[in-house]
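One structure below.
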Amino acid sequence: MKKAVCIMSGGMDSTLCAVMAKREGYEIIALHFDYEQRTMRREKMAFEQICDYLGIKKRLNLDVSFIADIGGNALTDKNLAVSKSGLGDEIPNTYVPFRNGIFISIAAALAEKEGAQAIYIGVVEEDSSGYPDCKGEFIERMNAAINVGTAPETKIKIVTPLVNLSKADIVAKSLEFGSPLELTWSCYEREDEACGLCDSCRLRLRGFERAGVKDKIKYANLS
């Protein structure tokens, strides 16, 4: 059976990617990262619940806390306030330097070891105005580097099925494919209830609103 490493944060995008990979007939190897982010425990809980829901047996939760040691972002540095400035073109302080590059590199090592043919990652161009490691060009070049830097018989494709979708499209497709949106977690700041104010919450809420669907998770603030 063909295999895919799915990088899964516990959020709605990566969850839909895993659902889509499963529909494509892949055996899923779920990969989650703990990097001392503010909502690390809540994201890990979402990851485990989603894997249970999807019947994913092979799952790996890796400690990459060196990312917090590098610092420079509000997700790991509690001295920085999480950006609530809006969804503009500037790189926000929630950008974790080269995070997707680090994650993809580790996923490539796992894929090579497991003999997997694909890496699924839920990057979305709509998010990429401020996140350079979400852009299609970045993914293409990472894919080329992986296939140069692995054994000759290793052929891995990075699959980004959501890259050209809007958040509303992602909500609609999640409902169409039976992705468990109610188990996913997007908030950057809180673990009890989603804050409703951070940029990630606002992107999520805007997606549900434009899709004409109510989000079932609880929010502390709804404007």
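Cβ from N, Cα, C; glycine included.
Per Swiss-Prot, the feature ATP binding site maps to Met8, Ser9, Gly10, Gly11, Met12, Asp13, Ser14, Thr15, Leu16, Cys17, Ala18. According to its DSSP assignment, Met12 (ATP binding site) is helical.
Feature annotation from Swiss-Prot assigns Zn(2+) binding site to Cys187, Cys195, Cys198, Cys201; the stated evidence is sequence analysis. Neighbours of Cys201 (Zn(2+) binding site), defined as other CB atoms within 10 A of its CB across all chains, total 25.
The binding-site residues considered are Met12, Ala18; of these, Ala18 has the fewest other C-beta atoms within 10 angstroms of its C-beta. Checked against Cys187 (Zn(2+) binding site), the binding-site residues Met8, Gly10, Ser14, Leu16, Ala18 differ in C-alpha distance, with Gly10 being the nearest. Of the listed binding-site residues, namely Gly10, Ser14, Leu16, Cys195, Cys198, the sparsest CB environment within 10 A is found at Cys195.
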